[in-house]
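Chemist: Below are the structure tokens for one structure; questions will follow.
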Amino acid sequence: MSSGKEVISEVESAPPTPRPPPVSTPPSQIHSLSPSPRAGPGRSPLRGMASPFRTMASPLRAMATPLASPVRKAVATVRDCLEEVGHITRLADPRDAWLPITESRSGNAYYAAFHNLCSGIGFQALVLPAAFVSLGWTWAIICLTVAFAWQLYTLWLLVRLHEPVAGGVRYSRYMHLATTVFGERWAKFLAFLPLLYLSAGICTALIIVGGGSMKMLFGVACGDACLARPLTTVEWYLVFVCAAVLLSQLPNLNSIAGVSLVGATASVAYCTMIWVVSVAKGRVAAVSYDPVKAPNDVDATLSVLNGLGIIAFAFRGHNVVLEIQGTMPSTLKHPSHVPMWKGVKVAYAIVALCFYPLAIGGFWAYGNQIPQNSGGILSALYEFHSRDVSRMVLGITTMLVVINCLTSFQIYAMPMYDNMEAGYVHKKNRPCPWWLRSGFRAFFGGVNFLIAVALPFLSQLAGLLGGISLPVTLAYPCFMWVTIKKPRRGTATWNVNWALGIVGMGISVVLIVGNLWGLVEKGLRVKFFKPDAQ
């Protein structure tokens, strides 16, 4: 279908249809009602008159002439364009309408804000003060600000790349866009592992953090004099997984907008409560803000790299941005990037209002005594203020963490659900039945439960995992923009995107190598299948 501009040019270039020559009537018949010479006794006297109504040609009849064919073509094109403007753009594959991500396209800016806020704030925010321990006040704030601005820019790139040509193909999955840009083989090598971790790996980490928080919540609610037998850590993991699988029975990404709203509210609430309580209680005894002094330059470098990895790990969520935008309708008149960007701006303004006070206030209150575990500042709150903070405050805060983990699990698991169902849909060419869909989601939850039990130390690898997932957030969107939009070589857009992409890949390599080196040098105290020992 031609674009609107082409339609206008066709209408303007169409030659006007010549008017039919005037039909002359004899003067004697202009005002006369006398019958024509052919009028017989049974004919009406008006039958033979040259009536002006008889001489007027129908405009539809004129359109059928060869001279009117350009106008007819232009009108048909305009009609098709108007029909296209009023309808949702078509799916590249009709079978996508059977998959969880693109099954419903009735999203809006509010849904986008809920999903982005719920996925943007999570347990990774709790360990942000640990990055300040390695980097110090100044460099930690600078790195946090640069990372926030950088990821917001690449987020804008992805929002615009979702539908690079109005009315064209919509890239509703990150892997689809990566395959288009890098090719199928290179996309599997460059993007598959980071995306796998950012979906399945984060779900595993959410089980570890959520299950551990459930255990802490039970301890707070039950108290020291509780007679009930407490569950083991593995049993709490199982409780969390059962709740997550039960919640995952909602059919598609658009249907969990209410779940995301609850999760977003919980994340904002517990971030605010944690830093407010920590600051209100004042600094702990013997607090120090100096970066931890390493015995040698190698250890100092590794500590800095670990801090950078923690900051990079905090800004995750780009792997589900295209999926969230895929739930929105898109037309030539109302493209999907407009409401999506409105939702993103609101969501990340709130993310900034949560991250900065939590990181700065947490480091001010606890300094270099922040625990180096997945709980981060939440563990510090329990360690230093479990006796001078009411059990209700501790319980509500921990419960909000559990709620956020359960809701975030749904968003990050949705691409995996989509992939599993896509295999069935493309093979059978029919929608996935409800019982098989439920089985896929229960199977995914069971696999992540086994990984969480086998690798309970996974959350301690935040620096390494941040380096692995960093290209998805900071580098690949820049290369995708240059490849698809094709800005002119040497322009500011071309230079900025190439520079950011190359720097992002370089930082990722340095973080991966540095953290692996640190693990080899220092060693990692791991105990497989022993979550209670971590």
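Here the Cβ of each residue, glycine as well, is placed from N, Cα and C on the backbone.
Automatic prediction, not curation, is the source of TrEMBL annotations.
Sharing the features that TrEMBL gives for it:
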type	residues	note
COMPBIAS	15-25	compositional bias 'Pro residues'
COMPBIAS	26-48	compositional bias 'Low complexity'
DOMAIN	107-519	domain 'Amino acid transporter transmembrane'
TRANSMEM	126-153	transmembrane segment
TRANSMEM	189-210	transmembrane segment
TRANSMEM	231-250	transmembrane segment
TRANSMEM	256-277	transmembrane segment
TRANSMEM	346-366	transmembrane segment
TRANSMEM	392-413	transmembrane segment
TRANSMEM	434-455	transmembrane segment
TRANSMEM	461-484	transmembrane segment
TRANSMEM	496-520	transmembrane segment
Chemist: Among the recorded stretches 126-153, 256-277, 461-484, which has the greatest number of Cβ pairs closer than 8 Å to the transmembrane segment (231-250)?
Modeler: 256-277
Chemist: What residues elsewhere in the chain lie close to the transmembrane segment (189-210), defined as a C-beta under 8 angstroms and at least 6 residues from its ends?
Modeler: 122-123, 174-175, 178, 182, 237, 240-241, 244, 316, 319, 374-375, 401-402, 405-406, 408-409, 412-413, 415-416, 444, 447-449, 451-452, 455-456, 458-459, 465, 468-469, 471-472, 476, 531
Chemist: Find the member of 256-277, 346-366, 392-413, 461-484, 496-520 that has more C-beta pairs under 8 Å to the transmembrane segment (126-153) than any other listed stretch.
Modeler: 346-366
Chemist: List, by number or range, the same-chain residues at least 6 past the transmembrane segment (392-413) whose CB is under 8 A from its CB atoms?
Modeler: 115, 118-119, 121-123, 126, 198-200, 202-203, 206-207, 209-210, 213-214, 216-217, 220-221, 240, 243-244, 247-248, 250, 253, 256, 259-260, 262-264, 266-267, 269-270, 273-274, 277, 320, 378, 381-382, 386, 441, 444
Chemist: Do any residues, 6 or more residues outside the transmembrane segment (346-366), come within under 8 Å Cβ-to-Cβ of it, and if so which ones?
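Modeler: Residues 109, 112-114, 116-117, 120-121, 125-126, 128-129, 131-133, 137, 140-141, 144, 148, 152, 155, 264, 267-268, 271-272, 274-276, 278-279, 281-284, 287, 289, 314, 376-377, 380, 384.
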Chemist: Are there residues at least 6 beyond the ends of the transmembrane segment (461-484) whose Cβ is under 8 Å from a Cβ of it, and what are they?
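Modeler: Distant Cβ neighbours of the transmembrane segment (461-484) are 124, 127, 147, 150-151, 154-155, 157-158, 160-161, 164, 174, 177-178, 180-182, 190-191, 193-195, 197-198, 201, 305-316, 318-319, 374, 493-494, 496-498, 500-502, 504-505, 507-512, 514-516, 518-519, 524.
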